Amino acid sequence: MAANSFKLPTLLRRASHAFKLTPSLHLNQNVSSYCTLFSPPLPTPLASSASGICHIPQAIKGNDVDVLLNGVADKNTVEEVKHILEMARRASTRREVVHTNFLTPPVMKESMLALEKLADVEAIAQGGYPQAERCRISIGQPELLTSDPDIVAALSITGNFGFQSYSHGDFLGSILGTGISRERLGDILLQGERGAQIIIVPELVDFLISALDKVGRVPVSCTKIPLEAIEYEPPSTKSFKTIEASLRLDALASAGFKMSRSKLVDLISNGDVRVNWSPITKNGTTLKTGDVVSVSGKGRLKIGEINSTKKGKFAVELIRYL
């Protein structure tokens, strides 16, 4: 799509919107105001309901793609947001409602920021529960989005997990092994010995119920459950401080994940390290407060408060997700 091709009809640009108001989302220290664990929160507040649905009011702020994408640094994120803006253009032109796949937190964040600047469409994000990390976005003209689209469903995966604990990756690998793509799957909520609850697109519910029979070596059964039955607890974290000479990714991540810097550098080179859910291949990347570092097989780390020491070093709070 050309940078200057995204233009809205003059009449629609001048139209005003009747905003939908919903109760404020109950937040905790690990959850931001746009239904993900991404931090820091969006500068534009979103009204959310207990069902995990976010509504954003629209404003007439411009329609040039370059303006809408201003400030988005990651190239992959830019391309995904461009695609979503093209979906919004189609929704406006054809007077229809369109739905994205499940989006990663950075794409979700940048897409909502861009969509809120459009004058003739409304966007609703749904992840199944208020603190959902991965969400889908429904886009359409306000008069067409008079109710919340039914675009997410929940499944309970149960089995005898009392003898061996299984990780998020174990459940994810087994689900993807059935042939389902990652974009069609939302969050996975572990439930210890009971198994897990997952969010998925409604059209794949019956398929997964019939196709998923094991997670690792444990036989499982899948049952559809209402979204209201989703059980969610804020993730457990452990905070500690480190003194480092720099704020480089390799320095802070090696300290946070308790591994050698050389091992961390190898993981970065292999594409196994992400910052704010975007792949990073340069170990010299500088981190700041609020950044989230993910390492494949090791988990997630958040950068907390940063202070300078008298000797010119940095005292950094590291928050490890357990």
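Note that the numbers count up from 1, one per residue, in the order the chain is shown.
Just so you know, glycine gets a Cβ as well, placed from its N, Cα and C.
Here TrEMBL flags 247-307 as domain 'RNA-binding S4'. Over the domain 'RNA-binding S4' (247-307), the average per-residue pLDDT in this prediction is 91.
Each residue of the domain 'RNA-binding S4' (247-307) gets a DSSP state, and the totals for helix, strand and coil are 17 helix, 20 strand, 24 coil.
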